[in-house]
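Working notes for the structure below.
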């Protein structure tokens, strides 16, 4: 019985079935070796300024390299490496640092000034609906009323290249020439009930690249947190050319004619190019939202209908516009290690390039034309995504790989990676120190350098052998075991065909191929996750335990979802009705993927936070992975050594280290959280407590949290604790429920899972009730304390001083709700006042609870309503510390309070001047101060 179709011999198919894993040699991946030395030179330039002797030595080695290349290649390797190192150092030194924009920042003094400049970027921020939890970039710096209106009716995020700023004097005002960048949130004027528009965009000005605009605004500078490990939003903005930010109503924005002070944008080609790229990205995102709000889409059933949250994910996945991603989605992606699926990354560029090239091949286009078409279309897509660094790297690598294929050169993935990395580092040396570059590089090394060679040494030859099963002429070119496998597979196919019929002839081979390709996906996922454990721990402090199953379930769906979404977008350009069918399929796939991720991320073990490893552990891990790349290309024994080493290295990276504490001392550390409070305490026996966690400045937390994108608890307080290797806290205490004390608390509870949460009274606050509910869900014991309570904790004696047991506040939180405590350790003591004001201080004095202390945490950031003369005299501290934001608009600490402290010859430490400050108190009553200047 004839069971399969036999084709004519095709020698081109023979090498594809042979398991060949060539050794990793310099000549096979010279650019990978070169880029490693190049990167080492950039590291040297960053950490050590090159001296004359070093430069002379490198020039000598470069001369030796040229000589060796001419007369003896063997002696040229080391000098050649030095040459690449010197080039890396040279490029790093040539890269200009971002302008500090000190002149512009000087005008961010709280005064309302006219600011004039040219538009270089416009992004539309959609309105937030009541059922939406959007984490829009509305701007945490916005005024409270403007921020609330931005959430309700929408806003524009506009970057302008400033040309002039109003100089204000008591007598006259004029426009002074100033250069810099300002990011403005233009808030739509709230429509009246009679003129309610169906969309918010009609209430916003229509701005385009190069427009000259002017508006009155109060510019502000992002807070700089001087704490180890803290993520600096100010540096993030400065890298984008933004020195200040502001919020302004749409009715106050004026579009002007040309001005002598404002050179046309065409004079700055880079700015003009960047502006047009951003405009293309914004246009594409708007088209997706246009389809979502169309009548055609809204008429579909819910499971087939795209909503605003779906639009945010699609815009992030297709065009790199993350403004629409809500906080719940982001956290779910981060917990499951699937964030790369829903933001533009190298995977999306690779998928598009692969799809275009496959279609071109199916259409029988010439190889050179298919390559050119793929590169051009991929480049066009990269422009729509904003041409970010990850997309640039993927585009470089795709181009190099396709050109190497066209030129029939050795298609070595690691060499292509070296070429792409070299191009990026030459153009932007600082990219070496960015998380996205390091993660992209490590992911490709894990997949192309370790996982694929491991598969080639094990099961991948059998997967390829299951293809073209009935081409018997190809058996002779295969290794004996693989040829025998093909023979057995044909016998099984014939046997099954005899039982089930001719249709089942190809069933065994299909099952084998599917199983082995699934095994390959699993191998790639496992190896990639074991390598990515290092950057995930260093930059995100996460151990993604469920990343492999999540990606195995999601990647196949995303592989279908991405091209389907592209088809939906293209069809929507013609008509929403034409996009209806692919849009429904996109919605179905997207809801399936998000459902899987939401279910897995809800598992308790998925939210595992870890400190980053010390530098020598990271160095050892990188060296181990380099060894694995070499070992998998040697014998099977060496490959097994690599297999064993991978999980050992991953476990070593995540292995808990001892926390950094001072045994036998009571430590009190004032963390720099800007205009807020956060105090870390380590008891003499090692127990830990965090009092407050900072947060956005405002009244009650719910109003501030509604507009805040920056989470101080997640981005400032937690990284500091992780930098000291803490994984858990014993106690977290909340002084009172104001946003600048409680805003970062939910992140602290989730990240460090304390045993207890200490609070005082229960005010009328939804955010406070939400915090208590979250504590209950996490299994944290909530304890209420009042004045007079005493307890032993960690070798210290704690006495609660306020509020009184009779005190109650059924309304919104106020400062006098503060939980005040004194901690005694031998002859040393600290008084922690929270934001208690004069009425609370009088109560404490009246009951004789205030006695001399070693250290005082000044109440309410040094306001004149706290730390009264009588209270301060009774406390009589040796040292005092005040937590306050630099350049705050409240004038804290007040002059009279500072004078009061100075007159008593008490040493005052301010977080706005010294940053994070640590006090070590001994049993003998002595105190030692440590000012941390790691983030000046």
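Cβ coordinates are placed from backbone N, Cα and C, and glycine is handled just like the others.
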> For which of the residue intervals 312-331, 392-411, 412-431 does TrEMBL record transmembrane segment?
Replying inline: 412-431
>> For the feature transmembrane segment as recorded in TrEMBL, pick the matching range from 492-511, 552-571, 672-691, 692-711.
In response: 552-571
> Which stretch does TrEMBL mark as transmembrane segment, out of 613-632, 713-732, 733-752?
Replying inline: 613-632
> Under 8 Å, at least three CB pairs between the transmembrane segment (578-601) and the transmembrane segment (552-571) (pairs 6 or more apart)?
Replying inline: yes
>> With Cβ-Cβ distances below 8 Å as the criterion, list the same-chain residues six or more beyond the ends of the transmembrane segment (552-571) that contact it, or say none.
In response: 284, 287-288, 291, 314, 317-318, 338, 341, 348, 351-352, 355, 518, 521-522, 525, 578-579, 582-583, 585-586, 589-590, 592-593, 596-597
> Who are the long-range neighbours of the transmembrane segment (437-455) in its own chain, taking Cβ under 8 Å and residues 6 or more past its ends?
Replying inline: 21, 345-346, 389-390, 393-394, 397, 413-414, 417, 421, 424, 431, 520, 523-524, 526-528, 530-532, 534-535, 539, 625, 628-629, 632-633, 639, 642-643, 646
> What parts of the chain pack near the transmembrane segment (613-632), using Cβ distances under 8 Å and only residues at least 6 beyond its ends?
Replying inline: 21, 24, 414, 442, 445-446, 449-450, 453-454, 457, 531, 534, 537-538, 638-639, 641-642, 645-646, 649, 652-654, 657
> How does the model score the domain 'Metallo-beta-lactamase' (675-886) in terms of mean pLDDT?
Replying inline: 91
> Who are the chain neighbours of the transmembrane segment (412-431) in space, where the CB to CB distance is under 8 Å and they lie at least 6 residues beyond its ends?
Replying inline: 24, 28-35, 38-39, 42, 45, 88, 91-92, 95, 389, 392-394, 396-397, 400-401, 404, 437, 441, 444-445, 447-449, 452, 629
